[in-house]
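Here's what TrEMBL has on this protein:
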{"type": "TRANSMEM", "residues": "21-42", "note": "transmembrane segment"}
{"type": "DOMAIN", "residues": "149-220", "note": "domain 'PAS'"}
{"type": "BINDING", "residues": "482, 483, 484, 485, 486, 523, 635, 687", "note": "AMP binding site"}
{"type": "ACT_SITE", "residues": "482", "note": "active site, proton donor"}
{"type": "BINDING", "residues": "486, 522, 523, 635", "note": "Zn(2+) 1 binding site"}
{"type": "BINDING", "residues": "523", "note": "Zn(2+) 2 binding site"}
């Protein structure tokens with residue numbers, strides 16, 4: 001059954017290249033990792049439970065049948081890859097008769113004739129069952145899968161425009177594809193069955209080249225390099241060749257050419273599919289065929305090096321070093337370990353190493369929508385007309401704002417609301433009301449003064465005041481959430497974290513200044529819409545930044561444009577050039593770290609580093625990880641605030657998402673987060689999903705580093721609050737009045 005869908009997928013293409021061939025292997029491995037097992041047990045006991053548990057642990061799809069009739073019906077419906085039949089209790093049913101009812105001999109032969117491959121001695125130990133299943137999967141089942149995929153793979157080879165040649169171990173040509181024949185000038189089938197030595201060779205190759213190639217092949221290693229071949233008409237042709245040895249059962253599929261290769265020769269060591277190349281280490285099972293056939297003593301275990309070997313580079317990237325270490329470990333590893341390492345390598349080759357893969361079956365829609373809305377750049381693409389979202393409006397210092405002369409001139413009412421700004425329970429909404437929605441300028445003046453930012457930057461306080469005002473003026477007060485109050489809240493959290501002892505020990509003064517500035521500007525000119533919305537709408541910003549970290553790139557770029565174009569607000573004017581470059585890079589890095597598509601990457605890297613001693617953190621430059629984590633936690637710390645503040649923030653972000661959904665419907669755009677429909681949305685459910693998916697693990701790690709028990713207590717209280725509302729089936733921010 002494997003051959004049909006894969007073959008269909010490849011045969012439908014006119015001309016197949018490298019990616020099409022990879023697609024064949026992709027489908028092949030999809031089938032491989034969804035093995036179907038049928039268990040035929042007349043009654044439930046410890047043995048049947050052992051195999052059920054083993055299937056679950058191995059991620060195999062398992063069916064159970066109790067009678068011969070139901071077993072046959074189930075098998076005909078699903079065509080399982082592996083069938084395990086209980087042969088202990090003949091009074092329930094005859095296992096041999098179930099496979100082939102016309103055999104009655106009492107020897108081993110009837111088992112073979114009836115279709116049995118192995119006989120498993122009763123052992124209810126769960127790990128024994130698990131090991132048995134893995135041995136079967138990595139042995140005969142995988143070999144059968146490869147055979148079924150053969151037609152599809154050769155269809156891909158036939159259509160490939162890369163030239164490919166396959167020879168036997170004796171260097172007899174078994175196959176060349178049409179591209180090879182066309183390049184070399186041979187007619188169809190003219191080369192099949194010939195030995196390589198019969199094909200003319202070019203004199204341009206170095207004398208020892210063939211010996212070098214054969215030496216690699218004998219060791220089971222790839223060879224890649226320049227090789228001169230001779231066409232049928234006698235002309236020499238330079239080729240970039242990759243030669244890959246392929247072992248049979250238990251080995252790996254043929255490594256097909258990269259797009260740069262012109263010619264590939266694959267020395268194919270043909271196995272006897274019905275005999276095992278590996279020693280049977282199982283005491284509890286018997287290979288039925290081994291009692292009657294030769295050549296299966298397992299004495300010669302031969303394994304080639306990983307086909308994904310990355311050749312030595314002059315300058316190695318860390319991931320290259322990791323892959324090379326794994327490749328080296330594979331050389332001397334037992335087969336199960338080597339194959340496990342192959343799977344590790346496959347994972348390491350993906351680009352999204354830190355992003356979890358959500359299932360699609362029974363996921364909470366609130367979680368799916370939050371992930372889709374916050375962690376994608378408009379991947380739910382347009383299906384209708386584009387909507388141009390313009391962000392054109394002037395960025396300048398508004399003349400109507402009254403600038404306080406100094407900290408001492410701040411009105412008493414405002415100063416009073418900031419008395420406890422160094423406390424986590426500081427109420428930012430009181431300051432918002434007292435300042436008429438201009439909390440960022442006032443709070444910024446006080447916090448920047450407390451940290452000595454003007455002294456560090458060698459900048460007058462008047463310049464800092466002007467800068468804070470122009471940055472705040474470019475936050476949109478019309479946004480319910482992403483306004484200057486949110487920026488002030490993030491600045492407050494950043495300052496609070498910077499005072500924690502271990503954070504202070506980890507960072508330099510320049511890091512502290514960068515963190516405070518990054519918090520202040522991190523959402524400047526935010527339009528109140530997500531990156532996904534901007535990308536789907538075809539906005540100017542999305543086009544400018546190629547649909548990648550659109551808003552975060554804009555916030556960082558605009559902050560420096562505003563700051564440096566006017567000396568009156570250029571807080572960087574008086575610092576030395578190299579110091580400015582360092583500060584600028586740190587600010588940009590922190591602002592970009594607030595992009596949610598990289599959330600799990602930043603969190604996991606931080607978690608992997610915090611167990612190291614502090615000196616190691618500094619030596620390895622992992623202060624960057626601390627700064628990223630700091631601003632990320634400050635940016636989405638709402639669920640860790642006192643309950644009333646948490647509820648207010650939840651209402652504001654929900655309103656902003658409701659407004660986006662309304663506009664998407666009005667403009668005919670894809671709805672990025674369907675659950676945020678103001679008529680049906682459950683705010684408690686959305687908060688629960690956000691806390692579960694994004695907040696808990698991140699703040700657990702941050703608390704372990706910075707020691708923040710008060711935040712964790714607030715988080716626990718708020719989670720219980722939202723859970724309580726959800727359990728009462730309430731969709732609102734608060735319960736109805738008594």
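Cβ atoms are placed via backbone N, Cα and C, with glycine included.
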Counts by DSSP class (helix H/G/I, strand E/B, coil) across the domain 'PAS' (149-220): 31 helix, 14 strand, 27 coil
Least buried by Cβ count (within 10 Å) of the binding-site residues 483, 484, 485, 687: 483
Count of other CB atoms lying within 10 Å of the CB belonging to residue 522 (Zn(2+) 1 binding site): 27
Rounded Cα separation (Å) that holds between residue 484 (AMP binding site) and residue 522 (Zn(2+) 1 binding site): 10
Check: same-chain CB within 8 A of Zn(2+) 1 site center, minus 486, 522, 523, 635: 482, 487, 490, 519, 526, 594
Intrachain C-beta neighbours of residue 486 (AMP binding site), sequence separation six or more, cut-off 8 angstroms: 523
Residues satisfying Cβ distance under 8 Å from residue 635 (AMP binding site), sequence separation of at least 6: 490, 522, 594
Number of Cβ atoms other than its own within 10 Å, given for residue 523 (AMP binding site): 24
Protein Cβ atoms within 10 Å of residue 482 (AMP binding site), excluding its own: 22
